[in-house]
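Feature annotation from Swiss-Prot assigns disulfide bond to C83-C133, C90-C136. For N113, N121, N127, the entry in Swiss-Prot reads N-linked glycosylation site. If you look up Swiss-Prot, you'll see 1-29 marked as signal peptide.
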Amino acid sequence: MRILKPYLRSTSIQCYLCLLLNSHFLTEAGIHVFILGCISAGLPKTEANWQSVIHDLKTIEHLIQSMHMDATLYTESDAHPNCKVTALQCFLLELRVILHESKNAAIYEIIENLTMLADRNLSSIENKTELGCKECEELEKKSIKEFLKSFVHIVQMFINTS
């Protein structure tokens, strides 16, 4: 039998051992701790969300190619790893330009999903100020194709540091 989520098995075993070894966990509060521990072990990890962001970006690229959009967007092409959160926030703002220019329902759904996934991932990163990073308006304007390529690169920076 193949275990699809091996990290669940080890967490469950740890919870069982804790219950067995500590008799005071046999109270109602102990049972609540056990249940919440099991639930939290089953929550998805953020790495999967970043992969979904990349998938959504590639889908947007295919949709835009069929529409022949020629907008230019502020693009961070060589972001320093210390500025990746600032760069990602700029990319998310520029996605709104694509949304406005395309007026396409499919792109609207994808951008809303992508924004939600990215915001959820950003909220899990500690809120710190990144000094020396360029503001969005200071970035060079590039084609949508270059914008999406750079966006994927920034997301991969988040995956590599997770």
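Note: Cβ is positioned from N, Cα and C throughout, glycine not excepted.
When the Cα atoms are compared, C136 (disulfide bond) and N113 (N-linked glycosylation site) turn out to be 22 Å apart. Put simply, C90 is the one of the recorded positions C90, N113, N121 whose Cα lies nearest to the Cα of C133 (disulfide bond). Figure note: comparing Cβ neighbours within 10 Å for the disulfide-bonded residues C83, C90, C133, C136, the maximum is reached by C90.
Straight-line distance linking the Cα atoms of N121 (N-linked glycosylation site) and N113 (N-linked glycosylation site), rounded to a whole number, equals 12 Å. Looking only at the glycosylation sites N113, N121, the densest Cβ neighbourhood within 10 Å occurs at N121. Rounded to the nearest whole angstrom, the C-alpha distance between N113 (N-linked glycosylation site) and C83 (disulfide bond) is 24. A Cα-Cα distance of 11 Å separates C90 (disulfide bond) from C83 (disulfide bond). Look at C83 (disulfide bond): DSSP puts it in a helix.
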